[in-house]
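Student: Submitted below is the structure of interest, expressed as structure tokens.
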Amino acid sequence: MRYRGRTYIGSVLVSVNPNKDLEIYSKAHMERYRGVSFYEISPHIYAVSDNTYRAMRTERRDQCILISGESGAGKTEVSKKILQYYATTCPVTDHLSTLRDRLLQSNPVLEAFGNAKTLRNDNSSRFGKYMDVQFDFRGAPIGGHILNYLLEKSRVVHQNHGERNFHIFYQLLEGGEQDLLSKLGLERNAQKYQYLVKGCCPRVSSINDKNDWRTVRKALTVIGFHEDEVEDLLNIIASVLHLGNTQFGEGKNGENQITTEPQLKYLSKLLGVDGAALREALTHKKITAKGEEMISPLSFEQAVAARDALAKAVYGRTFTWLVVKINQSLAFKDDVYNSSKGSSSVIGLLDIYGFEVFQHNSFEQFCINYCNEKLQQLFIELTLKSEQEEYEAEGITWEPVKYFDNKIICDLVEGKHKGLISILDEECLRPGEPSDISFLEKLEDTLGGHAHFVTHKLSNGKTRKAVSREEFKLIHYAGEVNYSVNGFLDKNKDLLYRNLKEVICQSNCQVLSQCFHREEVTDQKRPETAATQFKNSLAKLIEILMSKEPSYVRCIKPNDAKQSGRFDEALVRHQVKYLGLMENLRVRRAGFAYRRHYETFLQRYKSLCPRTWPNWQGRLADGVATLVQHLGYKPEEYKLGKTKIFIRFPKTLFSTEDSLEARRPALVLTLQTSWRGYRERAKYLRIRQAVIVIQSAWRGMISRQKARRRRHAVDIIRKFIKGFIYRHYERCPENEYFLDHQRFSFLMMLFRNPPKSVLDKSWPIPPPCLTEASEHLCRLCMRNMMRAYCRRIQPEWKKQMEQKVVASQIFKDQKDSYPQSVPKLFVASRLNSEEFNLKVIQTLGNDKVKYGIAVTKYDRRGYKARPRQLLLTSSFAMLVAEAKLKQRIDYATLRSISVSSLSDGFMVLHVPSEDNKQKSDVVLQCDHLIEVVTKLATMADKKIKVNMSQDSITFAVARGKEGVIDFTSGPELKVAKCKKGHLLVTAPKLNP
């Protein structure tokens, strides 16, 4: 809350926003203003609220509080504070507490869906709101009703630079759970959505969207929204964002088509409509000519306009549905309270837009400023009328005050046939191809001579530069405003293409089915335009306000920068002018600043006159006359009416208040002295007696507690010592406490410090009585950890571990390079599919290659090194040289594999010598020996024997002949043929 300096002009509260926190809205302040006369203490919103409430109860007449001011002046906060005051101070029963909560919680919901960040205000209401609060005969709130006016739907698809879309979009993206966003097809990034980036302001430092999201979700629950309704509501909000990201492009045949299929998929799901029908409706329009329907493709610009129109229509009607649902939850119900016990009264709160003058003003600003003209006219008439009626009723001479009557401007806008709205409607409905420019030309022809209407064509040389060729200027009561006609006709029509409306009317979404009625498609009656609807609703609002007794709160914004301590005099002067405060002030100056009933006046100031103090026994009028004569009032300073005294000058009242303040200390001192003496003596006696009783009881209680604690401690220590002595005996009364303590301590130690992983083999030593239980617990714990560990293992990782286990069984403590291979993962294949020769793959047929690696084969004659590819299938291995299959080794015939214990990559595949197909054992060298051998061992069905040699490996070269590979340690890997005819392999020792 940033609030607020205040003053009064008569009964009008003028409230200035200081843009900083002031601690003046506590419950204590509410109690301070509760039941207090209007002028007795400093001006406050609570004073207006209480005065209106008491007038409603005493006079039994409906009241209303009109809150007006510029955006950022604090109108919304004023209405919330008034509601909080009524919710806190009015009597309420358990049955009505739910209604009170719903009244308060309706604000965050309406703000989320109807407020947005603008250049002037971070929480600007983009709709008008009138709320009726219904009270029963006891003054308890029993119902409510909200009327909304002119939601700024264009903000859904476009925002000016530095402004944002409606709050709910950012709250959903920032605060929505990840599962919810995934379900809606959204990402937690506002920059991804075209409808949210046009203002280049996705985040605002003064707004916490995540916290506001939680507040809105809670408020929806409190108000009474069902889960399926909230789900439909969020689906619609998400669908608007997806509509903004729906893009169009040129198809193969040159037609316009949707190029973002994911958005269309989500739209059909979220809106509950057929995707193909929605695609057709977004790219084509249905034309009815001479009773025949034709489908015409839309151009790119028309498709974008149709998309935006659908987004605005869906959001605007959903907002109206939201207000209807809130009204249903606030509606007065007979089963909650029996209305026959007494009649009900109403207090209305009007939170309406103030005058808006931007660099670019369009249709929305025109409607808003027209609304302010009507309310200004109402304010002036009601103020002057009520003032004059009171003077006439009391027999006081009244001097009329001249003021500017803005009826001429209201007639310019709303007049029949020649009013601006009538011309706009006529241009929208006429046959042919009307445009915004033709509308402007018709305005010039019809309103050309009006003193408050100016265009570029109608202006003179001095003012022509201030009005462009696409603008018209209205000279409002608050000042001159230029309106751009671009978009006036489209916004006034506010229509959807018929086929789009048909698609949405077929939606299975419950909210949309209530917003779009199927009768609309068949109804041939042309709907009212937006301007006419707004004019009619405004006329009904004026009727409502005229039927109630008004109070006024005029909100002033001291500067546009939202800084505290800064007072922009030009800005404030402008607001004072268009709020009509000067006319109201002149009325008050011409009349009387203060008026009160004789009884109230005499009761308050009788202590200032000895003849009226302490009680006046005669007529009230005579007592007031005696009092003012004693106070020295001059004849021109006051008038005595039939039931009231009227004081013309505030200074007269202030001097009387000063005299009362000066008199009060003497009056209060006598009362205080007697009262304090009596109170202190009685207090002392009560305290003395209470202290004696309390001290006695306290000392006894403390002594008894200490004795009990000591006895208990002694018993525990004795049991523990005796149990320790008998700890090795069977369980008996002497040791049962000690043994139970041991069990409990051991189990709590296990509970607090269990093994952290399957590799943690530590286990505390149990007491003798828990040895068997400890073993069972240990097994159960390990089993649970193993089970949990196995459940977490992915299939790929399980296969990797199985291969690592095989490798460990074969090579652990045997192969010098094994420790280095442990942290390295085995791969599916060391060869890419592109490295396999196509002819080899075709030769294999149905046998698929499971693993492949590049190897070096050493011939049996001369040990010549030849590059090969070793390919493993499910039943055999083979050596391939380019496109030729050199050798096939069936796993069934593979006897064993020999490798050295050094870090070399040599292995020998031993095959039976009697097999004619296999001429000799195969000598291979590769980089990943452990991986290759493990793959061979796991792919073969039988268990293959792996021989580990320290010095040499003997292998069959041919029948009856053998070859030898000698292994030795050296600084680096070398392969050479030695003099003995052996193959000498030198390999470095990695683990000395």
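Sequential numbering from 1, following the chain as shown.
Glycine residues also receive a Cβ, built from the backbone N, Cα and C atoms like all the rest.
Note that the coordinates shown come from a computational prediction; the quantities given were computed from them, not determined experimentally.
Got these off TrEMBL a minute ago, pasting:
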type	residues	note
DOMAIN	1-661	domain 'Myosin motor'
BINDING	GLY69, GLU70, SER71, GLY72, ALA73, GLY74, LYS75, THR76	ATP binding site
REGION	538-560	region 'Actin-binding'
DOMAIN	815-989	domain 'TH1'
Student: State the count of C-beta atoms found within 10 angstroms of the C-beta of GLY72 (ATP binding site), not counting that atom itself.
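Tutor: Taking every protein chain into account, the count is 23.
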Student: Within a 10 Å radius of its Cβ, which of these binding-site residues (GLY69, GLY74) has the fewest neighbouring Cβ atoms?
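Tutor: Per-residue Cβ counts within 10 Å for the binding-site residues GLY69, GLY74 bottom out at GLY69.
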Student: Within 8 Å of the centroid of the Cβ atoms of GLY69, GLU70, SER71, GLY72, ALA73, GLY74, LYS75, THR76, which other residues of that chain place their own Cβ, given that this set defines the recorded ATP site?
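Tutor: Going along the sequence, the neighbours come out as ASN17, ASN121, SER124, GLY354, CYS555, LYS557.
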Student: Considering every residue in the domain 'Myosin motor' (1-661), what is the mean pLDDT value?
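Tutor: Taking every residue of the domain 'Myosin motor' (1-661) together, the mean pLDDT is 84.
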Student: Let's check the environment of THR76 (ATP binding site): how many other CB atoms sit within 10 Å of its CB?
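Tutor: THR76 (ATP binding site): 22 neighbouring Cβ atoms within 10 Å.
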Student: What are the DSSP helix, strand and coil residue counts for the region 'Actin-binding' (538-560)?
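Tutor: Once the DSSP states are binned, the region 'Actin-binding' (538-560) shows 9 helix, 8 strand, 6 coil.
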